[in-house]
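I have placed the structure first, in the form of structure tokens, so that the comments after it can refer back to it.
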Amino acid sequence: MISPGFHDFNGSLQLCNHANDSNPHNIYAFSPPFVRRGNDNDIPFFRRGFCRVRNYKLSVVCATTPQASIKDHFAPISRLNIDDSKNPSSIETALILIRHGESMWNEKNLFTGSVDVPLTRRGVDEAIEAGKRICNIPLDFVYTSALIRSQMTAVLALTQHRCKKVPIIMHDCSKQAEAWSQIYSDEAKMQSFPVIRAWQLNERMYGELQGLNKQEISERYGEEQVHEWRRSYDIPPPEGESLEMCSQRAVGYFKEHIEPRLQSGKHVMVAAHANSLRCIIMYLEKLTTCEVINLELSTGVPLLYIYKEGSFMKRGSPVGPSEAGVYALTKSLALYRQELDEMSC
């Protein structure tokens, strides 16, 4: 039975493994809206199929203010960052970057840029396959561009994750939109991925080339000129953005919003576009302008990075549903996969 003292408590709790009381292992953290009056049957964590509770106890860890948005709600915390509050330098978090699946204008060989074009059937399949490849990687937050092809890719990929959470598109463009999209079920919140859209992650704007056939433009202006528009770092196409201009907004957003998540111990996926991701990878890997213009990203193939001690380490890219021999999994990521295996038993 939960103590009546929890009824009006604004704080956070931890579910701990006390098999060895001298060194309890933190498995989950959650906040009071998920602790309701009554007994332990009222706590979603104890429902069958979510986790096994043998040798686990609840303990108060800190006092907090009441939360409001689903973006501020918890997600399961893997063994990846145990005791990181005592030693911030030990935080190790996963970052997944994925270019959207094939779009309908990719298929037609048209310059797409900022035009909002959906995925093809092949693009849908690529997104689902990408989800299978990352289904064992921990995730807390998902970021996409404001364009439907990246959002479709993210949502379809997340349906394959073994934690079985539901991707929820955040609508916070206005107070009314945020209020109308509130979720009033504690359990539904707990079983959700917040998907945050940002126009700063949009594809590079191709200006007067958008909607035109790439081959026809090459024949009209010459391959050298078109290659300069597409692959140079600081030369934009007519009335469009250069890669440098795209980098200012995409990397700026990454530094301001996404990197702090990683620094705080959260695991993040970014579903975006060839050029916005090129810019972010240039920042992560400290590439030169000459190196980044030659960087090619395939549609629907996730890249894995590990953030630790202020640095990003590339850990490979998968080629199939099983990461074995492809992703260079760290010990902590392997432990997270083990947790998923135990939860599914």
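Placed from the backbone N, Cα and C atoms, the Cβ positions cover glycine too.
Here is what TrEMBL says about this protein:
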- 99-106, 112-113, ARG149, 203-206, LYS214, 230-231: substrate binding site (BINDING)
- HIS100: active site, tele-phosphohistidine intermediate (ACT_SITE)
- GLU203: active site, proton donor/acceptor (ACT_SITE)
- HIS273: site 'Transition state stabilizer' (SITE)
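The residue listed as 'active site, proton donor/acceptor' has its Cα within 10 Å of the Cα of these recorded positions: GLY113, HIS273, taken from GLU102, TRP105, GLY113, LYS214, HIS273. Neighbour list (TRP105 (substrate binding site), Cβ cut-off 8 Å, at least 6 residues apart, same chain): PHE111, THR112, VAL115, VAL117, GLY211. Fewest Cβ neighbours within 10 Å among the binding-site residues ARG99, LYS214: that distinction goes to LYS214. Once Cβ contacts within 10 Å are tallied over all protein chains shown, the recorded positions HIS100, ARG204, HIS273 are led by HIS100. Each of the recorded positions GLU102, GLU203 was scored by other CB atoms within 10 A of its CB, and the lowest score goes to GLU102. Spatially, by CA atoms, the binding-site residues ARG99, GLU102, LYS214 include one closest to HIS273 (site 'Transition state stabilizer'), and that is ARG99.
It is 14 Å from the Cα atom of ARG204 (substrate binding site) to that of HIS100 (active site, tele-phosphohistidine intermediate). Here HIS100 (active site, tele-phosphohistidine intermediate) is positioned 13 angstrom away from GLY113 (substrate binding site), judged by their C-alpha atoms. Of all the Cβ atoms in the protein chains shown, 22 others lie within 10 Å of the Cβ of GLY113 (substrate binding site). Geometry remark: HIS100 (active site, tele-phosphohistidine intermediate) versus LYS214 (substrate binding site), CA distance 19 Å.
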